[in-house]
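Features of the protein shown, as given by TrEMBL:
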type	residues	note
DOMAIN	230-396	domain 'Helicase ATP-binding'
BINDING	CYS457, CYS460, CYS497, CYS500	Zn(2+) 1 binding site
BINDING	CYS466, CYS469, CYS484, CYS487	Zn(2+) 2 binding site
Amino acid sequence: MGKDSSDILPSLFGDTLPEAGPPTHVVPVLVPLPVAGAYSYAVPEGMHVAPGSVVQVPVGPRQVIGVVWDGTSDDGVSAKLDPKKLRPITLAFDCPPLSKEMRDFIDWVSAYTLSPPGLVARMAIRAPAALDPEPMVEGLRYVGGQPERLTPARSKVLDLIREQDVPWTRSGLANAAGVSLSVIDGLTQQGVFETIFLAPPPVVATPDPDFVAPRIEGPQKQAAEEIIASIRAGGFAASLIDGVTGSGKTEVYFEAIAETLRRGKQVLILLPEIALTSSFLERFEQRFGAKPGEWHSDLSPRIREKVWRGVVTGDVQVVAGARSALFLPFENLGLIIVDEEHDPAYKQEDRVFYNARDMAVVRARIGDFPIVLVSATPSVESQVNGLSGRYNTVHLPTRFGDAAMPDLHLIDMRRHPPERGGFLSPVLLRAIAKTIDRKEQALLFLNRRGYAPLTLCRVCGHRFQCPQCSSWLVEHRFKSQIQCHQCGYSERTPEACPECGTLDHLVACGPGVERIAEEVERHFPDARTIVMSSDLLGGVKRMRLELEAIANGEADIVIGTQLVAKGHNFPLMTLVGIVDSDLGLSNGDPRAAERTFQLLSQVTGRAGRTGLKSHGLLQTFQPQHPVMQAIISGDAGAFYEREIEERQKAILPPFGRLASLIVSADTRADAETHARGLRAAAPKVTGISVLGPAEAPLALVRGRHRFRLLVHGRRNSDMQGFLRAMIDNGPKQRGSVQIQLDIDPQSFL
Ligand SMILES: Nc1ncnc2c1ncn2[C@@H]1O[C@H](COP(=O)(O)OP(=O)(O)OP(=O)(O)O)[C@@H](O)[C@H]1O
Ligand SMILES: [Zn+2]
């Protein structure tokens, strides 16, 4: 974009529609529909499009946004098509085309996830209003001279403009000079200012790689140097920063970012959405003198458009975003950081099922630039890649500065049971009391929203179930509701049992964070408590404010779900209590042990980050479980070794491959029949086997009955080919039947 306003003409906004002449030739266009390939369109005379051009095309009676693609269309014999018989492209947007790199990436993701390419491409152009250039803004330029009459207000403006003779907006100048708009208008009328058009202001300032001198030493320095060397070497390289919580991993990858910026390239930092906090953005600003562009679900459309446009034009150099930021069409991307690379939040399970961590590695390989994965508890997949030498692993074994890791102990709940109706053992309660006596903070972690996971009638035993799903309704006492966590269905908590009519006999079974908060308030009525849970009102903004309040010491006891587990620095936090350490261990997920280990390490890692002595107490009924033993021994290496060995034996990822098919329909019979048909159509191939169909653990979701097939293959087997054959040779998809295909599934429900 122009740096000097004089070379910018007023935008020809709305005039981008070319005169539609006779069509000249035919191009393939990906449209945002679940179809296998591109559609053919005629290019009207006078319109210039090339592969990657973003265009508007008619589909039936609608106009949709699509992308001109490479090669010829797949919808038949496009090369032989007569352009006169095809519908023409309606308009070509005035925005840079998607690069070859981006198009190759989209094709790759589509082929790997078996998702329609148009739906993948759609993720790259998710800001339709940004496809046209931003309109110029009207501004004022100082011409010189004096007004006829010099009032004090007018002098203020003139003093300011002589000091800073740059183009100003009308209101910007009025505000800066502290005068009313009419003063500015008066000066303009007198010819002191002339009206010009300015480029719209950038959404974020330019980060400066040398804004503050790096101050790293020891293992941090060594790690940074290794990664910087791989950046200087050029080309694709994958590094894994494996460092304990609080070891300063962020500081290390900031150095990699600085090096990339010095080389004039853009950077993408991927973070789980809930780790993208204001404290992260501020930390970035302290290092680089400017905030990164943000990309997540809670952006205003206006900011979203500006960031998208800035990424495409190269004006925005660094984006910190949630997983969908991976599909931003960067002009000149040179580095991707995946922070908390083990986090399940990188998996999207909607429309296009993909793992942003894995696809980020693919994007870096296609773009031939480096990628850095970061975690205190790397996934087994990344560990194995490190061991095999595909990734270069750098270790940060100790915390930064004087901070020590928290002292971790198990609380055997069979020996120290809570009092009747409670969930916190006396051991944990005593530790909380001591902590708040010292004016420090305690965190109680329970990964369960609401008051209680199950509500039943004491008289007849009636259990409240979602009318559309096979899940129990969860009581949310703050909202006086019972809710389904699958589909969002909710109703007011009834006073009487709908089955037997008895009044006031409903009992809550098991704890959620709200119930723990109630117990805490009973024991510590004077303590300031905060409940952090994603379902509470106020969204991301309130969450950020509360995190700040906690960091500022405005709470004594924090009760939270995994919202509080990620990446936060709470200086006064010295005790972390895990209410139910066993919660994630028994859900039929092959990654259950790994997941539990990661989550517990992450949460206990919130304690003692600034040097105060700290503790982690884990309530468990299975103190001998390998995960519990691994956590308290602090020997992550031994845990991973065993975990890797077990995966290898069972040929589970990354030593083998999985794909899951969920067949759903309005009736159970339709879903089951179709699933059986698919199974029967599976090709006979050595090395790939099909398990099921079986009713899914979540047998009913939003009124749809679900059956699951699990496909298991050896590492080098052609899973995609197998699945395609299965679906192509399987029964015709009729009526309400839908198939959901998930390559490398994370969820087994
Ligand atoms: N070189 C450094 N100079 C000054 N402060 C540092 C340095 N490195 C790290 N710190 C500080 O140490 C604390 C922990 O660092 P950081 O947040 O980077 O760790 P992390 O490894 O990313 O932690 P986690 O995995 O728990 O998110 C932060 O408060 C950070 O500001
Ligand atoms: Zn439901």
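Note: Cβ is positioned from N, Cα and C throughout, glycine not excepted.
Features per TrEMBL, on structure.
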residue	record	contacts (Cβ under 8 Å, 6+ apart)
CYS457	Zn(2+) 1 binding site	CYS497, GLU499, CYS500, THR502, HIS505, LEU506, VAL507
CYS460	Zn(2+) 1 binding site	CYS497, GLU499, CYS500, THR502
CYS466	Zn(2+) 2 binding site	TRP472, LEU473, CYS484, GLN486, CYS487, TYR489
CYS469	Zn(2+) 2 binding site	CYS484, GLN486, CYS487, TYR489, LEU698, LEU700, VAL701, ARG702, GLY703
Check the binding-site residues CYS484, CYS500 for other C-beta atoms within 10 angstroms of each C-beta and report the one with the most.
CYS484
Taken over the domain 'Helicase ATP-binding' (230-396), the model's mean pLDDT:
94
Counting other Cβ atoms within 10 Å of each residue's Cβ, which of the binding-site residues CYS487, CYS497 comes out lowest?
CYS487
Please go through the binding-site residues CYS457, CYS460, CYS487, CYS497, CYS500 one by one and keep those whose C-beta falls under 6 A from any atom of ligand 2; give the result in sequence order.
CYS487
State the three-class DSSP label for CYS457 (Zn(2+) 1 binding site), counting H, G and I as helix, E and B as strand, and everything else as coil.
strand
Residues close to Zn(2+) 1 site centre defined by CYS457, CYS460, CYS497, CYS500, Cβ within 8 Å:
ARG458, VAL459, GLY461, HIS462, PRO498, GLU499, GLY501, THR502, HIS505
